[in-house]
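Report on the following structure.
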Amino acid sequence: MADPVLDAVLLLSFGGPEGEADVMPFLENVTRGRGIPRERLADVAEHYLHFGGVSPITGINRALIDRLRGLVDVPVYFGNRNWQPYVEDTVAAMADDGIRQAAVFATSAWGGYSSCTQYVEDIARARAVTGERAPHLVKLRQYYDHPLFVAMFADAVTAAAQTVPDGARLVFTAHSIPQSARSRCGPDLYARQVAHAARLVAAAAGYDDYDQVWQSRSGPPQMPWLEPDVGDHLKVLADRGTTAVIVCPIGFVADHIEVVWDLDHELRLQAEEAGVGFARAATPNADLARVAADLFDELRTGRPPARVEAPNQPPLQGFSVDGVRCTPNCVD
């Protein structure tokens, strides 16, 4: 799609509560239709309430937008799936402002339903709500092996390594998904992309040996999810005599609650109790604006995708127009 006329950029994200009163309504939005007991929601709510009911993600996204506005020459809008500002309202506002065609940057680098397809559905739903006035929305591609993305995590690993003893074990982690979701959108697409990105970051940071695990599973215990779990893996490392770990949350582009609670709080406490030194590598957060700006330029100029060249690259997907899936059968 070389040299399209692009009037704006829409940052499309997951959303997060910004106060204690927001927490339960937000979680109800996230889990709607999934039959999650209210008692389970109350347990999860405690994670947010530990931080005053505020998820860091919304503030990070606003900082990202501020930076992005300095990198592109078009207006930048903000819309979420699960909390204000809702993407439906944002797309309607874009129509009111006369926006005709916008690039959409989703705050997820990966393929898979929650990581990609659901954002495509968000685009389709928002356009349907606005109707004929809705601008065309061009979702930018996945970026798990973009050179800037890889460099950001590699630099973060290097910085984290300075805070723990030499010889610390490098452990990459990403959000687990049900085993049943692995083969949709291509065989093991999400898991392959995460593994590939971990290889790239490890190599860029100078590591030949590392581990890649999963975290933050949910759902009934009898449902198999991707393993090993990071907590279980930490126990194994401690039993082997590992003295310190560097945990790199490669699956998260920003400090979601799964990072600041599941890793910074729960996993760090587990490491301390096991006598294992702990460092968590930073996520890109607002610096991700540089990736968004480069993808925007890539779309507008039609130049080839920027990727770290490496053997066995997983497919690069995620580009779509007006909420039409880039792969027709991609449902997970």
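Backbone N, Cα and C define each Cβ position, glycine as well.
Small disclaimer: the values here were computed from a predicted structure and weren't measured.
Copied over from TrEMBL:
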BINDING   Ser55, Tyr119  Fe-coproporphyrin III binding site
BINDING   His175, Glu258  Fe(2+) binding site
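Mapped onto this structure are the features recorded in TrEMBL.
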| residue | record | contacts (Cβ under 8 Å, 6+ apart) |
| --- | --- | --- |
| Ser55 | Fe-coproporphyrin III binding site | Gly16, Pro17, Glu18, Phe26, Tyr48, His256, Ile257 |
| Tyr119 | Fe-coproporphyrin III binding site | Leu12, Arg81, Val104, Ala106, Ser108, Lys139 |
| His175 | Fe(2+) binding site | Ser114, Trp214, Gln215, Ser216, Gly251, Phe252, Glu258 |
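In the three-state DSSP classification, His175 (Fe(2+) binding site) falls within a strand. In three-state terms derived from DSSP, Tyr119 (Fe-coproporphyrin III binding site) belongs to a helical segment.
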